[in-house]
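Peer 1: Annotations per Swiss-Prot:
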type: BINDING; residues: G113, G115, R116, K135, D147, G148, R198, R205, D284; note: ATP binding site
type: ACT_SITE; residues: D274; note: active site, proton acceptor
type: BINDING; residues: N275, D284; note: Mg(2+) binding site
Amino acid sequence: MGSNMSFSRSEAAPAAPLPDLAATLAAPRDDAFQQLGAAFVTRLPAAPLPAPYVVGFSDDAARMLGLEPALRDAPGFAELFCGNPTRDWPQASLPYASVYSGHQFGVWAGQLGDGRALTIGELAHDGRRYELQLKGAGRTPYSRMGDGRAVLRSSIREFLCSEAMHHLGIPTTRALAVIGSDQPVVREEIETSAVVTRVAQSFVRFGHFEHFFANDRPEQLRALADHVIERFYPACRDADDPYLALLAEATRRTAELVAQWQAVGFCHGVMNTDNMSILGLTIDYGPFGFIDAFDAKHVCNHSDTQGRYAYRMQPRIAHWNCFCLAQALLPLIGLHRDAPSEDARAERAVEDAHAVLGRFPEQFGPALERAIRAKLGLALEREGDAALANQLLEIMDASHADFTLTFRHLARVSKHDARGDAPVRDLFIDRDAFDRWANLYRARLSEEARDDASRAAAMNRVNPKYVLRNHLAETAIRRAKEKDFSEVERLAAVLRRPFDEQPEHDAYAALPPDWASTLEVSCSS
């Protein structure tokens, strides 16, 4: 899992030379996304952020980029990573915003784009290249009616969850830093500005492909697909149909990603096609949430009044989004094969795309079943395992048992008797229903060769004790608004080791307080 995250100021290593870092970020690369041209990106400087200061910093993300954690103490760090100019940039090296389109809440929304994010360049380390993007860096041509700013509240949430998801083992964009400022911005109330530095190998979304398809720009569509294949899916180059292979890989990664979400009780909140990564990463942390009291119909986004993106709907929506990606790729599928006519090529492309999309359930289902089987401590595969898991989820739903603690405490259940049942049993309103299920579970455990201790250790490696519950984030945010960033640092450090006991931090694993039920997050989050 890498080295421990630390937010203490480092005395051991010298601060990184920021001018060299800035120059490296700005250096153009022939195969970088921005080299695709003006149809894809608009270059512009970030809007200056007055008197910036560091709110949070991830040592772990810094090391991934080949940077020393001492970088956060370098003079000018906050200025560089909020987008304030540190030098006179030539036009060819300016940050850029990209254009894309997409479906929002199932409706075609037309042109969207990076409305408040600017990509400032790339860093390479350990054979991988990463794009760095500043979210909240000011207005762009794609801001629509927005002011281009992010607020401290949402930036802290994205920072914490990006890193938490990584340490849960779930593919995600990363977050290097949060930079704050006292500059006021108007949302439901007056808040202050912030910028979060997001990191990913690519920020290309399904919506990028939809944009060029919808605007009938086949050359740009093909250039985009070729870029993604060349940089991120090189095995697709040798396929009989590289573009069909791209669709297949993106669909598979999406199915497996959502299975991982479901396994930890994560709700994204706004699974629009412009929020879907072509690399199968969790991207765009807004009104997300980890389920506390289990409810399969749980909706974490207060703006989602119809429940389109409810927990139970996420697999179906992900599949639907892959259909949107497939539609955008249809003009490319089959171009490498001989066809008697364009109509014949197009007809075959539809058939091939449907075949790829038809595999989504058989990719998602087994991925989730494997994850749940591991969460239940079942090393062997048996025919009734899915039914056993579904019965557990049903009684959890009926009792609104805490999702994270239920699976964590199941490790204490013995295959021999009920003496270890109490911690998990106490989470259920209907104790009789739990007892009936526990007897079935014990019977199933008796078929396993592992002893209780070995099974419990394995379960604790996949069932986190700590997740980013909304009330934990809210506490850190409230303190940060008072310029006390210690809780952001402390919470991030706890979430860095989600599977470890960390008994000194038991309070972070407790059931949410009553006031947590009043918290709401929405698209403005």
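Each Cβ is built from the backbone N, Cα and C atoms, and glycine gets one as well.
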Peer 1: Between the Cα atoms of D284 (ATP binding site) and the residue listed as 'active site, proton acceptor', what distance do you get, rounded to the nearest Å?
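Peer 2: A Cα-Cα distance of 9 Å.
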Peer 1: Taking the Cβ of R116 (ATP binding site) as reference, which residues of that chain separated by at least 6 in sequence fall under 8 Å from it?
Peer 2: K135, G136, A137, G138, R139, T140, S143, G146, D147, G148, R149, A150
Peer 1: Of these recorded positions, D147, D274, D284, which scores lowest on Cβ atoms within 10 Å?
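Peer 2: Selected from the recorded positions D147, D274, D284 on minimum Cβ neighbours within 10 Å: D147.
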Peer 1: Would you give the longest CA-CA distance, in whole angstrom, between residues of G113, G115, R116, K135, D147, G148, R198, R205, D284, the set recorded as binding ATP?
Peer 2: 22
Peer 1: Reduce the DSSP letter at N275 (Mg(2+) binding site) to three states and note it down.
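Peer 2: The residue in question, N275 (Mg(2+) binding site), is helix (DSSP, three-state).
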Peer 1: Test of understanding: give the count of other CB atoms lying within 10 angstroms of the CB of G113 (ATP binding site).
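Peer 2: There are 22 such Cβ atoms around G113 (ATP binding site).
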